[in-house]
Amino acid sequence: ICQHLTPLEVLSAVLAAVCHDLDHPGVNQPFLIATHNHLATLYQNHSVLENHHWRCAMSCLWSSGVLQHWEYDDVTILQDNIRSLILATDITRQYEFISRFTHYLDTSTLNTQDATHRHFTLQIAIKCADICNPCRPWLVSRKWSYKICDEFYRQGDNERQLNLPVTTLCDRYVTSVAKIQTGFIKFVVSPLFHTWHRWLNTTLSTNMITNMKNNLETWQKELEAEENERKLEIEKEEERLEVEGGEKERRMEGEEEERLEGEEEEERLEGEEEERLEGEEKERRMEGEEEERLEGEEKERRMEGEEEERLEGEGEEERLEGEEGERLEGEKKKERLEGEGEAKERLEGEEEERLEVVEEGEKERKMEGEKEKVECGIRTEGECGREEECGTGKNGTGKVEERNVEEQKSNLEEEKVEERNVEEQKSNVEEEKVEKRNVEEQKGNVEQEKVEERNVE
């Protein structure tokens, strides 16, 4: 391949090899993404470390001033080559490159005179250089294997400290160096270098394949020793646990017996406590029932008292209503008597007027009789013949006087009867006034009793 490489391709390959891990942070890409590192954001989670390495390389070249003397086209080619070569070291693209390389070899289409094929062989070369540590002699390879594993373990410690899921490859408590190197050689290094040796087949590639196989065997032996040692430790631990388990089992049996005894004692105490509580509950229930019974009796007595009071109130109301009725009847009677008194007075007035008229008539008759007597004074008794008519005769005069006396007696009797009626009416009015006062006093007493009841309530 060297006979076809241009000086610019050689320089690009050397600079890419020197700078392929420039400014490496000591952690892998998943860690940068999980911690939201600015590099992951800058390169959008795509070949984060590799993009950072080639850009750092170009920054150093521009800062040194070397590229200021170059032609623009040469600088562009140099930058493209360095970028492409360093990006090829992304381990996630391993299968892509091996598949393409195998295809070229199987079809014998790899042409080193073609610039594209030459650049591809340089990408495979830098990939081999990146992971060639297992192909070195054992002492050198072992030393660098421990150094790289220390870096892995530091990342695992950081993940644990940040409460992130710890990567299995980086967990010092789970994965040993021998286990890491065994898996790395089998699944990553061996496929790439066997394909490289298939194409190159030089003394160097043969030695590298031999060292890789020897180192793999050594790591496998160490891994077997670790596993045997781990098994022994597990067996010892199991024996220790068995011994301790026997003692622990006996101790646990004793504790279990004590626990069971304690539980029995607790159950017995709980039973006694439950019986006591049930007895107390029963007593409280009986007391409650007794209180309810007493309250019921009290309520019945109170209701009986209220019923009696209600009945008394109704009787009092009936009595008051009766008294009120009597009072109203008295008032009506009084009004009737007053009406009768007025009628009597009216009758007396009329009687007086009648008597006055009678007296006037009597006077007039007397005056007429006197006049007739004067006119008939010359006549003797029996001469006129009209003695009966005018009453001037002996018998006529006597009859008139008798009628007048009888009328006066009758009038006196009527006056006495009327006087007695008036007295009776007056007496009735007085009795009605007394009854009215009694009713008013009773109403006042009732009102006072109601006020006292309200005060009591």
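Quick reminder: no glycine exception, Cβ is built from N, Cα and C everywhere.
Sequence annotations record features per position, and here TrEMBL assigns Zn(2+) 1 binding site to His20, Asp21, Asp130. The feature Zn(2+) 2 binding site is assigned by TrEMBL to Asp21. The annotation compositional bias 'Basic and acidic residues' is assigned in TrEMBL to 235-253, 325-347, 355-391, 399-457. As annotated by TrEMBL, compositional bias 'Acidic residues' applies to 254-278, 305-324. Annotated domain 'PDEase' per TrEMBL: 1-226, in sequence order. Marked as region 'Disordered' by TrEMBL: 235-457. Among the features that TrEMBL reports, signal peptide is placed at 1-16.
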Output field, Zn(2+) 1 shell: CB within 8 Å of site CB centroid, site His20, Asp21, Asp130 dropped: Ala17, His53, Ile86, Thr89, Ile126, Ala129
DSSP helix/strand/coil residue counts for the compositional bias 'Acidic residues' (254-278): 25 helix, 0 strand, 0 coil
All-chain count of other Cβ atoms within 10 Å of His20 (Zn(2+) 1 binding site): 23
Other C-beta atoms that fall within 10 angstroms of the C-beta of Asp21 (Zn(2+) 1 binding site): 15
Per-region confidence, the domain 'PDEase' (1-226) (mean pLDDT, whole number): 96
Residues of the compositional bias 'Basic and acidic residues' (325-347) by DSSP state, where helix covers H, G and I: 23 helix, 0 strand, 0 coil
Other CB atoms within 10 A, centred on Asp130 (Zn(2+) 1 binding site): 17
